[in-house]
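Participant: Among the features that TrEMBL reports, domain 'Cadherin' is placed at 2-116, 117-221, 221-339. Annotated transmembrane segment per TrEMBL: 338-369, in sequence order.
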């Protein structure tokens with residue numbers, strides 16, 4: 001070393017890992033033999049400082065391993081040893097190839113920010129605590145030689161911070177709004193402390209506030225509120241296990257107790273067995289139940305918690321009586337099943353009801369169609385009051401039909417006198433036809449028709465509209481076709497009657513007659 005003592009001044013605000021000074025040892029060798037290795041001799045500064053070799057200048061670079069604090073210690077003294085990195089064994093006997101020097105470091109006082117007494121502050125407060133209640137305090141100090149006062153304020157980042165306030169001088173934290181544990185169980189925010197003498201120097205600390213639960217809500221039965229019991233149940237049989245739920249955030253070790261209400265304790269139907277593990281069993285007290293006598297039972301169960309203040313509630317359970325098999329499997333709980341035979345299943349009942357519904361639908365449709373048909377008939381008869389068209393579609397039976405219309409009635413007008421009432425209209429009142437003069441036997445048909453036409457023109461009882469009668473061609477659609485003379489040829493000489501012999505025995509006589517005339 002050039003000198004045996006090195007003096008260094010280091011600010012207390014120096015960062016860990018930064019170089020705070022350099023020292024140098026001189027080696028007259030060159031090249032590889034001139035490389036030097038520096039080491040701090042264990043002692044005063046061994047834990048706070050470190051030293052490395054600068055390969056370019058072969059200087060020892062002193063670095064900071066831990067933060068310095070002027071208020072804690074103002075100076076440090078330690079020794080540094082310098083030695084050749086590469087030794088030639090041939091020259092070991094010449095003497096030691098190393099040297100030591102003393103390093104004295106003076107810590108310079110710097111203006112530093114305040115320091116909190118704790119790295120994290122944790123506080124507790126009960127929910128619904130009145131606004132303005134102090135729940136804790138933070139403390140920060142200026143450790144510099146010229147101590148300065150400290151001011152506190154909350155680091156506002158979100159709306160959560162508005163639930164609390166802090167005294168700027170004392171550092172006390174108080175509630176600013178009512179707290180609800182069921183809404184927010186914990187608050188986490190930061191508080192900043194600054195020096196009055198230099199407000200730019202600040203420090204920050206986290207504050208955690210846990211909201212303690214106040215027993216506000218009574219416990220309730222967890223679902224389900226309805227259960228069932230078999231008709232063949234035995235006394236002491238557990239039909240349902242119930243648990244409790246509490247809207248409060250229950251603390252560890254919370255206990256719930258179960259019991260029957262006072263009014264239900266004397267009834268011999270059911271009881272509640274508290275298992276003392278926050279569950280209870282609903283047990284039967286009778287030997288069998290009957291749905292015909294009572295289908296539903298209502299059981300009031302009282303649940304109580306162990307928090308302060310104690311909260312309790314009465315919960316009513318509905319118990320339905322059901323039909324079960326000998327193994328306890330429920331077969332039916334429907335009210336309708338009470339009145340059904342034992343051997344009739346639900347599927348059979350549904351089939352019967354379906355058949356009844358189908359029959360009712362058929363009957364309704366039949367009645368509706370009948371009414372519609374009747375209505376249509378009446379409407380058809382009244383649709384047109386001007387014309388009354390009568391259709392005659394009867395086909396004649398030929399010469400052997402002796403029941404057909406007798407055309408002799410047209411040649412005998414006296415037959416017409418037998419008609420008493422008109423049948424083509426419905427008369428408003430019963431009117432008798434007026435007497436007509438008798439018709440002579442030798443009266444021509446043309447005169448007869450004209451006479452009747454004139455009588456009907458002046459007859460007040462005659463219909464005020466035309467009565468049209470349509471006569472279809474006789475035999476239309478038959479093998480013989482029409483026999484009417486309306487559709488015949490102009491003269492009989494143009495007719496060929498040979499085809500009559502092909503029509504069978506019924507037309508044999510006719511074929512012979514016309515065949516003789518042609519011959």
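Placed from the backbone N, Cα and C atoms, the Cβ positions cover glycine too.
No curator has checked TrEMBL annotations; they are predicted automatically.
Neighbours and distances for these, please.
Facilitator: The average pLDDT for the domain 'Cadherin' (117-221) in the predicted structure is 89.
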Participant: When the domain 'Cadherin' (2-116) is classified with DSSP, how many of its residues are helical, how many are strand and how many are coil?
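Facilitator: Going by DSSP assignments, the domain 'Cadherin' (2-116) contains 10 helix, 52 strand, 53 coil.
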Participant: Using DSSP, how many residues in the domain 'Cadherin' (221-339) fall into helix, strand and coil?
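Facilitator: Its residues divide into 7 helix, 56 strand, 56 coil.
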